[in-house]
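Per TrEMBL, these features apply:
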type	residues	note
DOMAIN	103-195	domain 'CAAX prenyl protease 2/Lysostaphin resistance protein A-like'
TRANSMEM	6-28	transmembrane segment
TRANSMEM	40-57	transmembrane segment
TRANSMEM	69-86	transmembrane segment
TRANSMEM	107-129	transmembrane segment
TRANSMEM	135-154	transmembrane segment
TRANSMEM	161-180	transmembrane segment
TRANSMEM	216-238	transmembrane segment
Amino acid sequence: MKNNDIITKIAICFVLVPIVLIVLPYLISPIISEKYGQMTVDLIIFLVAIVLSRNIWHIKISFLSLKKPLSQLCQLIPSILFLLFTRFSTLSSMSFRLIDARSILTVLFIALAEESVYRGLLIPLSLVFTKNKQYTAIVISSVGFALAHLVNIVNSPWSIVMLQMLIVFASGLLWGALYLKTNNLSLTIMLHFLDDLPLFLMKETSELVTPTRPQLISAIMAYLIVVGIIGIITFLQVEGLHLWKLKK
């Protein structure tokens, strides 16, 4: 596969989700109710990813693997701990009465769409581009994943979106490492679902507070430290055994 061809495919993965999220709602609004808009858009992104995977690019997305379940569980631990770390504070703002079939399906389709694109397609493409440098491939996919969340600037202050992108990047590192080590996209879909669900169950009175400049600078520094720690963890998760073998 030619290098230019790979770069083009990686670029498509980078822009697919944000472009569809921006453009498609306007196209479907005359025929699809607004409350089903997000669900519909992400379902379409998921279907596009499947078509690219199976019929055009011929990249296998491994949605399920039952091999080495104990090893998969161990690989899952860092992602679960980070999920608890980032979402524990939102529990008090959640209203479980808001759970219904529509919210469940909406969050599920978001997870299916984004995981199929950023883990299922982008990681294999990045592995080819980097000549199988796994950690670099994970970083590339995580950058694409984080940049996709720039679309949130339409509804949220830029400072909040910036902080969100740092956390999304860290999550992308963990989920990318998990997918590479387990070959099981259902695990990252589950984590993505659990990560997004609290945001859909926030009470109406819960509002995002825009930080002041000193607060923003402090928050960015703290978030960068967290990203650095996650970066080290995922590097060891992906490359640790290889480095240990080299030392021997």
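Note: Cβ is positioned from N, Cα and C throughout, glycine not excepted.
Not measured: the values here are computed from a predicted model.
Remote same-chain partners of the transmembrane segment (161-180), defined as residues 6 or more beyond its termini with a Cβ less than 8 Å from a stretch Cβ, comprise 75-76, 78-79, 82, 86, 115, 118-120, 123, 134, 137-139, 141-143, 145-147, 149-150, 152-153, 187-188, 191-192, 195, 216, 219-220, 223-224, 226-227, 230-231, 233-234, 237-238. Taken together, the residues of the domain 'CAAX prenyl protease 2/Lysostaphin resistance protein A-like' (103-195) have an average pLDDT of 96. Here the transmembrane segment (6-28) sits against the transmembrane segment (107-129); at least 3 CB pairs are under 8 Å, leaving out pairs fewer than 6 apart in sequence. Cβ atoms under 8 Å from those of the transmembrane segment (135-154) belong to residues 10, 13-14, 17-18, 21-22, 114, 118-119, 122-123, 126-127, 129, 161, 164-166, 168-173, 176-177, 180, 234-235, 238-239 of the same chain, restricted to positions at least 6 beyond its ends. Helix, strand and coil counts from DSSP across the domain 'CAAX prenyl protease 2/Lysostaphin resistance protein A-like' (103-195) read 84 helix, 0 strand, 9 coil.
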